[in-house]
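Participant: Pasting the relevant annotations from Swiss-Prot:
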- H113, H117, D310: Fe cation binding site (BINDING)
- I136, V137, S138, G139, G140, D170, G183, D187, N282: substrate binding site (BINDING)
Amino acid sequence: MSEPIVLGIESTCDETAAAVVQGRTLISNVVASSMDEHARYGGVIPEIASRAHAEAFVPCVSKALADANMTLSDVDAIAVSAGPGLAGCLAVGVSGAKSLAWAANKPIYGINHVIGHIAVTQLQFGPFPKDTLALIVSGGHTSLLHVEDVARHIDVVGTTLDDAAGECFDKVARLLGFPYPGGPHIDRHAQLGNPHAIKVPQGLTQGKAGQQHPYDFSFSGVKTAVARWIEQQQAEGNEIPIDDVCASLADSVATVLARKAMRGCEQYGSKTLIVGGGFSANSQLRAKLLEVGAKHGVEVRIPQIKLCTDNGAMVAMLGVNLVESGVKPSEPDFAIDSAMPLTKISM
């Protein structure tokens, strides 16, 4: 069988994206973001995001095909994010993808957006070794997964019990007065600060809680501790050392993620850790994981920044895996699932 060509379409949140992947080669990748429209509200407004998807869908898909010098007739299948995500946003992408699949008589795969973050690393690093672990870190998810077969079988090793890592950063960013999205601002300030200036807790790493939840994550306590420290400093009339706050927060979160990921690798005998999701663009986390991975003899695969955030390439790459593995395409009338479980790879 020749290398399958898949058109991937993404619309789970505030990015409308389309890409064409052939085998393990990225042919085209187009992203249109509505982030600027949400910035003044301090977060994503679902109705605005849905309308932006409707406006950007056709231009994105058209450009992705044009950049690949292809038409719909050239692709072997269409893959689209069916969940998890914002229901209205998912509906736009899925309905558009279904229309294309029907018009061109192509098979369609409604895929799990989060698992796409795992699959996309194949574009940069190639196939997954046996017993690969994946750390997914984003605004909505912080999970450790065992990848037995990215097209057929994934197990959840650990997940967040409250706030995800990206969510924690966004909330602290608001306290510091940073505009949305706050994560990149914390990242930049953290590079200038002292990571040991402020004592920030490391949730679920010690005592009974750490033993009961060795691979789970909790960042609500981190957010609360930093918030209280800031409030105390303000009450005492002290100037907030923003760089140090950001550095201490980033170091605490990165340390927890790296420690639990390495513990998982040891448990499963994995020598490869895949990292994905928008938060994996954080420079402190990338450095910490590479450092700890080298000490433990674990190859850490973190994709380039443009493949960390939401994109169509990740959707198309997972679609390629599904086609190659002979997974049955989704039914034409499959539904979106805004709370799609991580163990469900496709509809």
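Each residue, glycine too, has its Cβ placed from N, Cα and C.
Quantities reported herein were computed from a predicted structural model and do not represent experimental measurements.
Give me the local environment of each listed feature.
Facilitator: Non-local neighbourhood of H117 (Fe cation binding site): I136, S138, G276, G277, C308, M314, each in the same chain, at least six residues away, with C-beta under 8 Å from its C-beta.
Neighbour density for G140 (substrate binding site): within 10 A of its CB lie 19 other CB atoms from the protein chains shown.
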Participant: Once the DSSP letters are reduced so that anything not helix or strand counts as coil, what is I136 (substrate binding site)?
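Facilitator: SS state of I136 (substrate binding site) = strand.
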Participant: By a simple count, how many Cβ atoms lie within 10 Å of the Cβ of G183 (substrate binding site), its own Cβ left out?
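Facilitator: Its Cβ shell of radius 10 Å holds 23 other Cβ atoms.
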Participant: Enumerate same-chain residues with a sequence separation of six or more from H113 (Fe cation binding site) and a Cβ-Cβ distance below 8 A; give 'none' if the list is empty.
Facilitator: E10, T12, S81, A82, G83, P84, G85, D310, M314, V315, M340
Participant: Which residues, in sequence order, are found in the same chain with Cβ within 8 Å of the centroid defined by the Cβ atoms of H113, H117, D310 at the Fe cation site, excluding those residues themselves?
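Facilitator: Output for this site, in sequence order: E10, T12, S81, V114, G116, S138, G276, G277, G278, N311, M314, V315.
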